[in-house]
């Protein structure tokens with residue numbers, strides 16, 4: 001064989017390969033040197049464990065592959081590789097099952113805690129005395145009050161029909177025909193359709209958990225509830241398509257607009273900022289009477305996002321997330337109607353020379369867009385819009401009744417003894433909605449037919465109703481005066 005680097009003498013072994021006996025020279029511990037007199041086409045192989053083999057056979061190279069296969073099979077049997085694989089797989093499956101069960105236990109425990117807290121709050125409120133405007137989260141506690149969701153979201157996944165997909169893009173969409181689980185599926189579809197899941201590298205399961213967390217943190221108010229959240233988000237989705245915003249804004253801007261719309265009224269207690277400030281509630285004190293509700297909505301939104309299982313922006317660069325967070329806060333704070341005039345005036349100043357490359361201009365546009373969507377019910381068909389007026393008046397009356405009982409000022413437009421549906425809507429449509437949407441129309445003329453004209457029609461509708469109401473009132477006055485004269 002010639003001189004080699006091993007001190008061990010070569011050994012000759014015989015292998016049975018496909019019924020043929022093959023002779024192999026083997027050196028253990030080092031590579032062998034090949035005898036220079038050996039033919040150059042002799043097959044050679046280096047095996048594990050520093051075993052070098054030289055085949056003296058002149059068979060073709062496929063014999064060499066057979067040898068390798070047999071050696072590998074013998075190694076596999078010797079080290080019980082398949083048995084180890086099976087054992088490891090079984091152990092992993094057991095561990096995964098245990099983790100899943102433990103996660104479900106945590107969820108159930110948290111649900112029990114929440115039920116106990118609700119019962120305690122109810123008992124406290126029944127005890128009498130002045131009732132504060134409660135919030136789900138007591139921010140003085142160090143621990144988060146949000147329920148962790150370690151289970152896989154279980155709301156049904158609806159396959160949206162093509163008809164529904166097209167309807168979702170339009171302001172005429174009827175929001176009253178959908179259950180909560182269906183609205184969740186629609187919102188999930190919007191995030192996928194706009195490319196936000198891909199853009200922000202969202203885990204689809206995390207998106208589901210986040211949407212469930214959002215839905216669970218809207219209260220069952222007559223107006224400011226999860227259906228209102230869905231209305232605002234669907235209108236935003238519709239405006240994105242109607243105004244071709246995908247061509248003018250970035251995907252990050254789309255994500256900011258949609259997420260701010262989804263979160264904009266989280267944990268709304270059903271009593272507005274005026275009540276919070278006049279009643280000196282915990283929220284008003286905490287936020288120094290500056291947009292207490294809107295600040296609270298932002299805080300709850302980012303508490304939900306702070307849960308790893310609900311963080312749809314988990315894969316976003318930290319610096320980019322900081323900018324996204326600030327932009328979402330800016331938009332949610334813009335929904336405070338106390339700032340309406342200030343924001344609209346700023347937009348009017350920019351709109352004639354609007355520059356989509358100017359960050360300040362784009363931010364102002366996004367603020368106006370979320371404001372439009374937030375108060376856009378009258379853009380919808382009458383049969384869809386009018387029930388919302390009833391819901392809003394119901395919430396107003398709850399607040400004004402409470403204000404009267406607590407000796408607080410009562411706004412005339414919320415007083416059940418002074419307001420009607422026509423009087424509630426006419427001024428709002430004429431002096432708030434139409435001027436704002438007509439300003440947006442300067443930038444996006446295509447909204448006139450499908451958004452601005454319905455507002456004008458709605459104004460005319462309520463003015464006609466007011467005329468009827470006024471005529472009925474005048475008739476009653478005349479009848480009462482006539483009856484009074486007869487009695488004399």
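The backbone N, Cα and C atoms fix where each Cβ goes, glycine too.
TrEMBL annotations:
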DOMAIN    148-469  domain 'PDEase'
BINDING   224, 225, 226, 227, 228, 265, 374, 425  AMP binding site
ACT_SITE  224  active site, proton donor
BINDING   228, 264, 265, 374  Zn(2+) 1 binding site
**Item:** Euclidean distance between Cα atoms of residue 264 (Zn(2+) 1 binding site) and residue 224 (AMP binding site), Å
**Value:** 10
**Item:** For the Zn(2+) 1 site built from 228, 264, 265, 374, further residues of that chain with CB within 8 A of the site's CB center
**Value:** 224, 229, 232, 261, 268, 335
**Asked** If you count the other Cβ atoms within 10 Å of each Cβ, which of the binding-site residues 227, 228, 264 comes out on top?
**Response** 264
**Message:** List every residue in the same chain as residue 374 (AMP binding site), at least 6 positions away in sequence, whose Cβ is under 8 Å from its Cβ.
**Reply:** 232, 264, 335
**Prompt:** What are the non-local neighbours of residue 425 (AMP binding site), defined as same-chain residues 6+ apart in sequence with CB under 8 A from its CB?
**Reply:** 378, 389, 458, 462
**Complete:** Across the domain 'PDEase' (148-469), the model's average pLDDT, rounded to a whole number, is 96
**Request:** Please find, for 224, 225, 226, 227, 228, 265, 374, 425 as listed binding AMP, the greatest distance between any two Cα atoms, in Å.
**Result:** 23
**Asked** Which residues, sitting 6 or more apart from residue 225 (AMP binding site) on the same chain, put a CB under 8 Å from its CB?
**Response** 218, 219
